[in-house]
Amino acid sequence: MNMKILVLVAVLCLVVSTHAERHSKTDMGDSPMIQERKCLPPGKPCYGATQKIPCCGVCSHNNCT
């Protein structure tokens, strides 16, 4: 009887950990806290606030600085 309980607990732990790992991998791509922030390096052309990817620094005279 005790062996059946131990096996049941071990199987449940395995199922729960596999389920949690699967969800943590899918959440990682969706989380804005984990995603790397993309920005344009200095010297690249920029167009102010209407561009999709901002400058890493400041957009000055249509160039990132």
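Here the Cβ of each residue, glycine as well, is placed from N, Cα and C on the backbone.
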CYS13, CYS59 - which one Swiss-Prot pairs with CYS46 by disulfide: CYS59
Disulphide partner cysteine [Swiss-Prot] for CYS64, chosen from CYS55, CYS56: CYS55
Output the one of CYS56, CYS64 that, of all these disulfide-bonded residues, has the highest number of other Cβ atoms within 10 Å of its Cβ. CYS64
Out of CYS46, CYS55, CYS59, CYS64, point to the one nearest CYS39 (disulfide bond) in space (Cα versus Cα); all of them are disulfide-bonded residues in the record. CYS55
Around CYS46 (disulfide bond), which residues of its chain at least 6 apart sit with Cβ under 8 Å of its Cβ? LEU40, PRO54, CYS55, CYS59, ASN62, ASN63, CYS64
Greatest C-beta neighbour count within 10 angstroms, which of the disulfide-bonded residues CYS39, CYS55: CYS55
